[in-house]
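Asks: Sending over a structure as structure tokens; questions will come in a sec.
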There are 2 protein chains.
Amino acid sequence: MDDRELLRSIAGIVGREKVLDDCASYPLGSKMIVASTDMLHESTDFPKGMTDRQIGWMSAAVTISDIASSGAAPLFILVAVGLDRPERLEGIMKGASECCEFYETEIRGGDIDSHDELTVVTTGFGIADEDCYITRSGCSPGDLVYILGNPGEAQAALEGDIRYWLSLVEPHPFVSEALLIAKAGASAMMDVSDGLALSLYDLADASGTGFEILAERIPLSPGVISEQALYGGGDFGLLFTCDPGMMPVPEVEAVCIGRVIDSPGVFLDGAAVERRGYLHRWEHKEDEV
Amino acid sequence: MDDRELLRSIAGIVGREKVLDDCASYPLGSKMIVASTDMLHESTDFPKGMTDRQIGWMSAAVTISDIASSGAAPLFILVAVGLDRPERLEGIMKGASECCEFYETEIRGGDIDSHDELTVVTTGFGIADEDCYITRSGCSPGDLVYILGNPGEAQAALEGDIRYWLSLVEPHPFVSEALLIAKAGASAMMDVSDGLALSLYDLADASGTGFEILAERIPLSPGVISEQALYGGGDFGLLFTCDPGMMPVPEVEAVCIGRVIDSPGVFLDGAAVERRGYLHRWEHKEDEV
């Protein structure tokens with residue numbers, strides 16, 4: 001069982017639409033309130049060598065990215081920290097605070113707890129104009145598929161390419177670009193933090209469509225290979241779909257990598273892409289029971 | 001060092017007012033958006049013997065209580081679960097979902113993660129009319145101090161009084177009462193989940209005032225002793241202050257236990273109350289470093 005299968009198992013309790021998107025939404029007048037929560041912990045989410053400040057930055061960034069990817073301007077975040085050592089709090093809050101400042105948002109509260117393993121849960125709140133709010137489920141056959149940012153850098157760093165270490169530990173989500181894309185009328189959007197392949201499947205599944213992707217179109221940074229770009233997580237590029245007439249959008253340097261098709265599935269140069277990426281696997285734990 | 005001292009240590013980073021209240025707030029038109037996050041984990045927050053359903057219920061209840069205590073109607077919650085065993089998710093989400101239904105709110109999203117120790121972080125989101133939004137810092141000398149609900153039951157249950165087991169593991173916050181109290185114009189309010197003594201200090205410190213409390217006025221359930229009522233955590237009664245003319249409020253069976261005074265400190269029948277209750281202590285961890 002992986003994350004997504006586990007989520008499907010509770011769809012009957014909380015509703016199918018609640019497990020599809022990274023963001024929850026709530027209409028308020030002509031606005032859409034958007035909220036998203038992310039749980040990170042040391043052993044699986046913070047690569048060895050990160051400073052506490054970087055841990056704080058990354059924790060804020062993942063949530064700010066989710067909020068912006070839905071077309072909402074981040075209003076504020078809350079930070080709950082389960083601390084293995086209390087003296088880590090200061091660095092973590094400094095990093096989170098710097099990230100918020102960079103994206104013109106702020107920390108407005110949180111919670112602390114003692115914990116055997118450092119655990120950081122950030123929750124972000126944002127607000128979108130109703131017609132700018134984007135989910136994963138809006139794409140239709142005929143739309144084009146775009147990516148902004150070069151996927152695979154974080155995975156390359158994990159595999160030792162020091163050039164991309166900062167992309168991994170101090171990710172910079174495309175917040176202003178996400179809002180421009182949303183305003184321009186993109187049909188679906190998400191960040192690729194779980195990996196490009198999995199994100200393509202997420203969009204396709206949520207929208208009830210499929211994708212045809214051209215391998216040569218996927219933008220690769222020097223030394224990054226296609227395997228890392230497709231299946232590595234930890235990048236914060238944007239994946240979105242739109243009507244063929246929408247792009248270009250000023251200040252958005254996105255690349256068209258394919259098109260939305262009628263039939264389900266994600267195909268790269270005609271062959272089905274593996275449905276894998278950054279997923280927690282649960283078998284080990286189940287075996288322990 | 002305890003929780004509150006640790007929070008004070010980051011006041012310079014995130015701002016003093018951000019570490020005072022359980023709730024973050026954000027003005028939106030004539031409304032106040034309110035958000036609160038709570039991190040709970042198995043070893044310190046979920047007494048042995050709780051079912052997964054009860055763990056879910058309690059996790060939702062603590063956050064719903066914080067939201068309501070600020071005078072805001074809960075709109076929705078997010079639930080992030082760090083699972084030691086994936087099969088626990090269903091029970092936890094059922095319990096959280098039932099609690100939300102009971103309080104006419106809902107789960108709208110969340111996150112899951114694998115974790116050595118079960119960790120649940122709930123984040124609630126509510127909305128208040130601007131003039132109903134209450135913080136901890138609004139009380140003035142001359143106000144009266146009220147409590148709703150009998151404190152100490154959860155602590156009594158922890159010490160073996162089976163009569164109060166359900167108060168401990170399936171807490172029922174006073175949501176509708178909190179909203180009535182806020183609407184009536186209370187000057188400060190919070191729930192007593194960290195214990196009555198500590199909550200009195202929290203209100204007094206935030207408001208820059210003190211309290212004179214009469215021991216005989218504190219409502220005690222059968223078998224609950226004053227020590228449990230003052231220093232035990234896990235109850236979800238409401239502590240609030242108001243102008244002497246405000247009470248009674250229909251449907252709010254609160255008891256006046258004292259008054260707000262000019263000078264700092266919390267006094268019970270004239271003697272200073274100990275500043276202790278439900279606090280994480282960090283000494284052990286620091287020694288380990």
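Any Cβ shown, glycine's included, is placed from N, Cα and C.
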Asks: Which of these, A:Asp22, A:Asp45, does TrEMBL say binds Mg(2+) 4 at the same site as A:Ser36, A:Asp66?
Replies: A:Asp22
Asks: Under a three-state reduction of DSSP output, how is A:Ser193 (ATP binding site) classified: helix, strand, or coil?
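Replies: Reduced to three states, the DSSP call for A:Ser193 (ATP binding site) is coil.
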Asks: So what sits near A:Tyr278 (substrate binding site) in its own chain, CB-to-CB under 8 Å and at least six residues off in sequence?
Replies: A:Ser193, A:Asp194, A:Gly195, A:Leu198, A:Gly232, A:Gly233, A:Gly234
Asks: At a CB cut-off of under 8 A, do any of the binding-site residues A:Ser36, A:Gly110, A:Asp191 come close to chain B? List them or say none.
Replies: A:Ser36, A:Gly110
Asks: Sequence gap of 6 or more, Cβ distance under 8 Å: name the residues on the same chain that satisfy this around A:Asp22 (Mg(2+) 3 binding site), in order along the sequence.
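Replies: Correct list: A:Ser36, A:Asp66, A:Ser69, A:Ser70, A:Met190, A:Asp191.
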Asks: Other than its own, how many Cβ atoms are within 10 Å of the Cβ belonging to A:Asp66 (Mg(2+) 3 binding site)?
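Replies: Its Cβ has 31 other Cβ atoms within 10 Å.
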Asks: DSSP three-state call for A:Asp45 (substrate binding site): helix, strand or coil?
Replies: helix
Asks: What residues, ordered by sequence, lie under 8 A Cβ-to-Cβ from A:Asp38 (Mg(2+) 1 binding site) and sit at least six positions away in the same chain?
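Replies: When sequence neighbours closer than 6 are ignored, A:Asp38 (Mg(2+) 1 binding site) has A:Ser59, A:Val62, A:Thr63, A:Asp66, A:Val121, A:Thr122, A:Thr123 within Cβ distance under 8 Å.
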Asks: If you count other C-beta atoms within 10 angstroms, which of the binding-site residues A:Ser36, A:Ser193 is the most crowded?
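Replies: Result for the most crowded candidate: A:Ser36.
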